[in-house]
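The structure appears right after this line, and notes come after that.
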Amino acid sequence: GGLSFSFGQKANGLPLDKSLRSKKQKQHQRIRKEKPQQHNFSHRLLAGALKSHSGNISCMDFSSNGKYLATCADDRTVRIWSTKDFLQREHRSMRANVELDHATLVRFSPDCRAFIVWLANGDTLRVFKMTKREDGGYTFTANPEDFPKKHKAPVINIGIADTGKFIMTASSDTTILIWNLKGHVLSTINTNQMNNTHAAISPCSRFVASCGFTPDVKVWEVCFGKKSDFQEVVRAFELKGHSAAVHFFAFSNDSRRMASVSKDGTWKLWDTDVEYKKQQDPYLLRTGCFEAASTTPCRLALSPDAQVLALASGSSIHLYNTRRGEKEESFEQVHGECITDLSFDITGRLLASCGDRAVRLFHNTPGHRAVVEEMQGLLKRASNESTRQRLQQQLTQAQEALRSLGALKK
């Protein structure tokens, strides 16, 4: 009994013989009800806005193959968007209904054949299978059994390891649970951080990290044997250097860098590519100033190449380069509500944010500038011709991207 939707189909499960008149009336009522809540925002770097949800969006996730973005809202739906038409005028989405509940968090499985959600009322995890159909659409089928209820406090994040070996759920007390994909708890972590404000799995799937009331970010390794059998969770390393509670942190795509933002009014970039078993500590690469963090909760996103840090507080977003810690762009009042999620796409060319009923997409100009700077530096040192040509090509591409956005520094 899977719900089945194609791209662009406005199916709502009603029989087609309902008279058109009542449909027209419904539309008029709906327009009147929703009009005042639309938030208008424009900016020269706004690449587009994704609008289909009729409720506020709380979470987003890009699939690891880069093809899709999943969003969930309190309108009882999960939407799956095709990233290839992000820069087109029309944005198609597929809809999965969340029966008698709504999802607060959503994550794709690594093979993109399923996604998991956290249920607001059910207070548990549900798995949806995604089956591709001949017409190119998908059928979404909820697993008959939800995960057992184990958390005693509200859940603040969920994740699936890219290896597909485990699922993580973290609650606002000090609990992180590690599950297998069948819904069996493998391990319980007590973070000892008074309360958790964020927790996440590293892209390499080796680590789970958390932050909270204490001024550190704690990192554990989730260990599996040769035959993919779960063994144990062990303390790996900590990010030590903030002087107050840590709001949020993120990993770079290769898990070799981490960024954190704290109530002490700073953000920090760390080199975490260390052999912690030989007592090597992560080391601090950069500290930047972010005053808003001292008074309001903040979130951050790190571009896949770790060159750009996006910080959100309230409904505003600020982009910093991590080479020098300079602020390069600011987007004020992006959403009608506080920003609930912030994420770079897997190419790093776009930054997505949500908070009200729309996802807004921004061109990552600092990312292009970082490429320009890097290529210019490498060109000075390049000895052979084929290397020079390759570097020159990347340089020209980045300059063209900036030029088309009217953002090329003279």
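The backbone N, Cα and C atoms fix where each Cβ goes, and this holds for glycine too.
Where the annotation comes from TrEMBL, it is an automatic prediction and has not been curated.
Panel annotation: around the coiled coil (381-408), residues 44-45, 349, 363, 365, 368-369, 371-372, 375 of the same chain, lying at least six beyond its termini, place a Cβ under 8 Å from a Cβ of the stretch. What TrEMBL records for 381-408 is coiled coil.
The feature compositional bias 'Basic residues' is assigned by TrEMBL to 21-33.
The annotation region 'Disordered' is assigned in TrEMBL to 14-39.
Computed over the repeat 'WD' (50-82), the whole-number mean pLDDT of the model equals 97. Among the features that TrEMBL reports, repeat 'WD' is placed at 50-82 (among others).
Long-range contacts of the repeat 'WD' (148-182) within the same chain: residues 64, 104-105, 107-111, 116, 118, 123-125, 188-201, 203-205, 208, 210, 212, 222, 224, 228, 230, 233, each at least 6 residues beyond the stretch ends and with a Cβ under 8 Å from a Cβ of the stretch. Residues annotated as repeat 'WD' in TrEMBL: 148-182 (among others).
Per TrEMBL, the feature repeat 'WD' maps to 239-271 (among others).
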